[in-house]
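Trainee: Dropping the structure in here first, questions after.
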Amino acid sequence: MKRHAVWSSLFVVILAVLIDQGIKYLVESRMFYGQQIDLLPFLALFRTHNEGIAFSMLAWLHDGGLIAITLAVIAFVLYLWWTNAPERVFARYGFALVIGGAIGNLIDRVMHGYVVDYVLFHLPTWSFAVFNLADAFITIGAGLIILEEFLGWRRERISH
């Protein structure tokens, strides 16, 4: 992989981790557990903890199992990132966001035994699961990877 691709991806990973951990620090230090601060009619900060992974799944694995799974996922995504062609920019930054988000949540799990969640989308009769910025980075990263795959498929289809 080209040097520029490595450094720019590393920058995205570090920035994602720093932003995620900075916000989580503010939430943990300035909000009590279960506190909700409404920002917009449909958006609030709501401090909670997730002892599993997405949507509290696999909480029964406890810290050791969840840390092992997270490390395996990070290693796999690093492999995909490293073997990705540098000109596949959406995928490169997508992998970087997935890695940054996974590291952000891994830091929480190692330090606290849970992941700090705080973003709540809600309506008067409905609410979405509470999540954090690391989760959003992972989701956006996955979306960029899928976009890159779609664009590659489309380019290949047009060229034939």
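Using N, Cα and C of the backbone, Cβ positions are placed for all residues, glycine too.
According to Swiss-Prot, the feature active site maps to Asp117, Asp135. Positions annotated as transmembrane segment by Swiss-Prot, on the basis of sequence analysis: 6-26, 58-78, 95-115, 127-147.
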Trainee: Using a Cβ cut-off of under 8 Å, list the residues of the same chain at least 6 residues beyond the transmembrane segment (127-147) that approach it.
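Mentor: Same-chain residues near the transmembrane segment (127-147) but 6 or more away: 16, 19-20, 23-24, 46, 48, 50, 54-55, 90-91, 93-102, 104-105, 108, 115-121.
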Trainee: List, by number or range, the same-chain residues at least 6 past the transmembrane segment (6-26) whose CB is under 8 A from its CB atoms?
Mentor: 81, 92-93, 95-97, 99-101, 103-104, 107-108, 116, 118, 132-134, 137
Trainee: Near the transmembrane segment (95-115), which residues from the same chain, at least 6 beyond its ends, have a CB less than 8 A from one of its CBs?
Mentor: 9-10, 12-17, 20-21, 24, 49-51, 53, 63, 66-67, 70-71, 73-74, 77-78, 80-81, 84, 132-138, 140-142, 144-145
Trainee: Pop the Cα-Cα gap between Asp135 (active site) and Asp117 (active site) into the table, whole Å please.
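Mentor: With distance taken Cα to Cα, Asp135 (active site) is 9 Å from Asp117 (active site).
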